[in-house]
Amino acid sequence: MSWSSPQHQQPGGWTDERQPGAGQQYRRPMQVAVRARGVRKIYGRGASEVAALRGIDVDFEQGAFTAIMGPSGSGKSTLMHVLAGLDVVTDGQVWLGETELTGLNDARLTRLRRDRIGFVFQAFNLIPALSAKANIELPLTLARRKPDQGWYDSIVRRLGLTERLQHRPAELSGGQQQRVAIARALLPRPDVVFADEPTGNLDSTAGAEVLSMLRSSVREAGQTVVMVTHDPVAATYADRVVLLADGAVAGELFSPTTDSVLDALRRLGR
Amino acid sequence: MFSLSLAQLRSQAHRLVATAVAIVIAVGFVVATLVLNDSSRQTVLGALASQYLHTDVVVAPDDTGEVAPQTLAKVASAITGNPAVAALTFDSSTYVSARLPGRAAYQFSQVTGLANDEVLRWQKLEEGSWPSEPNQIVTAVGRDLEVGSVVEIRIFGAEPGQETVQATVVGLTERSSDIASIGTPLFWAASDQARAWGATSGGALRVAATAGTTPQDLALTVRQTIQEIPETEGLNVRTGEQEAEALADALTSDTAVLANVLLVFAAIAVFVCALVIANTFSVLLAQRVRELALLRAVGAGAGQLRISVLTESLAIGLIASLLGLLGGLGVAAGISALAARYETPVPLAGITITWPPLAIGLAVGVVVTVIAAFMPVWKATRISPMAAMRPLDDAPVRSGGGLIRRLLGLLLLIPGAGAIWWGHQEYALHAVIGGGMATFLGTLLLARWLVPLLVSLVGRIVGPAGQVPGRLAALNATRNPRRTAATATALIVGVTLSTTIVSAAATVRAYGVSEIDETYPTDVAVSAGQGFPDDMLNTVTALPHVQAALTVTSAYLEIGRGRGERDSQNVQAINPQEASQVMRAVGQDMPTDGTIVFPSWGSDEGGWDYADGDKITLWAGQRKVELTVRRGSDNLNDVRMSRNDLATLKTADAEVYEIWVRLADDLGKSERADAVDAIARASADADPDSTLGGSAEARVSADEFLDTMLLIVLSLLGVAVIIAVIGVGNTMALSVLERRRESGVLRALGLTRSQLRWMLLWEAMLIAAVASAIGVALGAFYGTGAVTSLFRLLNSDGSDVPAVIPVGQLAAILIGATLSGALASVLPSRRAAKVSPVEAIASL
């Protein structure tokens, strides 16, 4: 299965064909999708206490593709986990849109993840027992919602999965599995998609395809995407890069290039 | 490599807990059985040895029983006065009916004379004193009797008016003195008293030697004396020691049979345990594939790996078996302590620990563990070093190559089923049993193919009811068909066997009830002794739980053919209309108006030479009536006619002979017993000599017997089922560990904690339900098949016994096994749900 670049895709690939122009409603610049205020995360107690996040204030704009970067141990994965409601903060507040995540109990967090957040993992993390189609529909099935057929068809076609829907994850290549994971994240039209090193397990070609996919979902469908990565090339696909060091925000870049990212990282390293 | 095995064992200890528990239970079962068998034999030998401690020689009739009772007396008088003989006594005994205080019914009991001579009186008095006055008895402790209790004894063949004696218990002996009288209560009385109650024939003559005479010498002397007395060929002369051993052999042969039966159950438990062990190791090793490959990559040979992992299995087998030994000894000691205080079918006092049971238990545990672990180990260690380099594969396991297994399964199943059918038709029980075993093995072989198929089928049907968790569970359950099948197989074995027993018992019970109904068509029959008052029928009808009752009258009439000779005959008269309401089965023995029914047996033996259809005449004074003869069944003992026909004779001396009672249909066991009790009391008030018969009592005791057997067998099989259920929990626990990351993803994607728990419970229930459904289906077929084939063989007329499938009980087994599967996976599923999604996803 070869990947056709966005340039060669027929026009309107991301828009819902049954609701023409539906994609436009996501274009509301300067709206904040995810907001963190004074977020601290401390692991362990007493002598073994480790502060993974030491007071983070950051906003993630709606309809934008933001990358979180930083050296190993800078707390970028931890930040993503607390922003996504996978983990609870020690201190501070996190909002998803108007909803404050901090203080929600497990059941409400679970429901919130199910309904309003999409995930793309480094290790794909598809459910081996389910077909690609069932994997894509899983979050909606969990929510007992029916997928929007037009949106579903357009995602599947756009991701080039039409021929692979009945296959089990084990029968798919790494790139294909990650595309299934992206489809799974996009189908419920979540408020935000969190991607954790989405290219980490892929070769560079497949990685580039996946990143293009994520970017075009932002550009063409107004999806908000927050990606954690340590790959400067991957970061260049984003609109903005948030740099973390030692559990605190250490700067940001807009319209990053490989050089500017490498330069920023080098400065962090000092 | 050895240190690696130990390190593995330490780090994986929690994963092996369930396996260890299974081994402990199985080994404990084996050890307890063997130790109890040893202990029982030792108990009997010990008790009998003390019984014959001062008896030097025993003269007793051999099994042919052709020795006249007087012969022993002749022997006794011949050796009395011999210088080698110090004392002698007859162990004469008789049977009586005894009613213990507070009981309604009489019990068949034995009264044995005590030796007059202290030396030969072996019973050990624990409490009270020896009998010194008339009507005093001694018995062993443990029969709900105390010193001062009064036992009512009815003596067979006593003079009228002296049949009933109130005997007082004056002493209690040790439990072990009673060792030889299993089941029948045994009383001892002074030898004169025993003789007065009918103990005239001696069972054995016991002789004590004078000081300086060895038992062997005395035996020689006695033998020489006996040769001079005629008709003593059937007498055995043995020393006390020989007699004790011979008796012990006879007494413990039953125990040995019991031990063998128990060992069969133990073998089943061990087999189920082996399945659980094999399953555990294959899961554990599957989780360690990368690690094993890594070891191969750094230079470990496949053989080294194999030995390393087998060492692990050896260690776990050894530790668990040692715990099993302790557990088994504990259980044996507990049972023995309990048994020593009550009358039990197996004589027990203390436990005897010898090496063989311990060695066997240990060997069984260790060898079974290592053998069960061998296949998974062999497979896992064939891994190529390259596997360490490849990314972890989440591919579902496809079990290929099952063709031979499937063919073999079918090869056993189809001819096996054929053998069952043929054996059933041709009265060949061996073919039925062989076929049953073959089909069972065949089914177990096919389980790997059948179980996943059924699980996915059932999962598809009931999955939607479980929402998303249900559907995911159905998919997960078939992900590793081999593991699912092995888990299910362990349960299939236990459930099949339990169901077989339950269905067989139900069929036997139904057959027994129909036999009882045929033999005793009335629930309760009260026979008059001195005579009932006229309103007796009303009294009985008014009692609780009595649905209907009728009176059977009897009269002496003259019978004969036309003008021929007349005989006087006692005839019973029953109203046929009433009979149809009171009797459970109105068979061929019930007269209708115009007929008279004779027993079938009278014709050859010079009784009534009337044949079916003969016309005979009955006279009462001048009145007469002509009736048609019918021959009844073997069960009929009287001549019967219709009440209406008797009424036409207007005989004056007809009196109430019996009252037949039908109890309400829906009575429980205790209600039925109460009803019978009430009738017994009412009739005893009206007529002290009245007696009770009928099916109600027979049914109560048949029910009790079947229930007891069922309880024992099921609790023995329960051990296998418990091990299998532990296996289900074990598989779930290991699957949970294996799918940790996947669970994390599902949680991240929005599966709630309770949904995750439900998913795992569903999976366990699906496997358990399918396994127990297969087991129940097989067991119902085997149980009813075995019993119907057996009765086909036993019933001379080849009539069929209807198979009864106890739907309620089978449903209970199905639901029970399914729920225990769910119960067993509660802990694993809770653990899985507790893990935070972040941790689970991170733990690559």
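Using N, Cα and C of the backbone, Cβ positions are placed for all residues, glycine too.
Automatic prediction, not curation, is the source of TrEMBL annotations.
TrEMBL lists B:16-36, B:261-286, B:314-338, B:358-381, B:402-422, B:428-451, B:485-506, B:709-737, B:758-783, B:803-827 with the feature transmembrane segment. According to TrEMBL, the domain 'MacB-like periplasmic core' annotation covers B:18-219. According to TrEMBL, the feature domain 'ABC3 transporter permease C-terminal' maps to B:264-385, B:716-837.
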Check for me, if you would, whether the transmembrane segment (B:758-783) reaches the transmembrane segment (B:485-506) - at least 3 Cβ pairs under 8 Å, residues 6 or more apart in sequence. yes
Per Cβ pairs under 8 Å, the stretch of B:261-286, B:358-381, B:428-451 packing most closely against the transmembrane segment (B:709-737): B:261-286
Are the transmembrane segment (B:428-451) and the transmembrane segment (B:261-286) close enough that 3 or more Cβ pairs fall under 8 Å, when only pairs 6 or more apart in sequence count? no
Looking only at the recorded stretches B:314-338, B:428-451, B:485-506, which one has the largest tally of CB-CB distances under 8 Å to the transmembrane segment (B:16-36)? B:314-338
Sequence-distant contacts of the transmembrane segment (B:358-381), meaning Cβ under 8 Å and at least 6 residues beyond its ends, amount to 23, 26-28, 30-31, 34, 270, 273-275, 277-278, 281-282, 285-286, 288-289, 292, 302, 305-306, 309-310, 312-314, 316-318, 320-322, 324-325, 328
Distant-in-sequence neighbours of the transmembrane segment (B:485-506), which means Cβ under 8 A and at least six residues beyond its ends: 268, 271-272, 275-276, 278-279, 282, 440, 443-444, 447-452, 455, 706, 709-710, 713-714, 717-718, 720-721, 723-725, 727-728, 731, 767-768, 770-772, 774-776, 778-780, 782-784, 786-787, 803-806, 809-810, 813, 817, 821
Considering every residue in the domain 'ABC3 transporter permease C-terminal' (B:264-385), what is the mean pLDDT value? 80
Please list, for the domain 'ABC3 transporter permease C-terminal' (B:264-385), how many residues fall into helix, strand and coil according to DSSP. 100 helix, 0 strand, 22 coil
For the domain 'ABC3 transporter permease C-terminal' (B:716-837), how many residues does DSSP put in helix, in strand and in coil? 102 helix, 0 strand, 20 coil
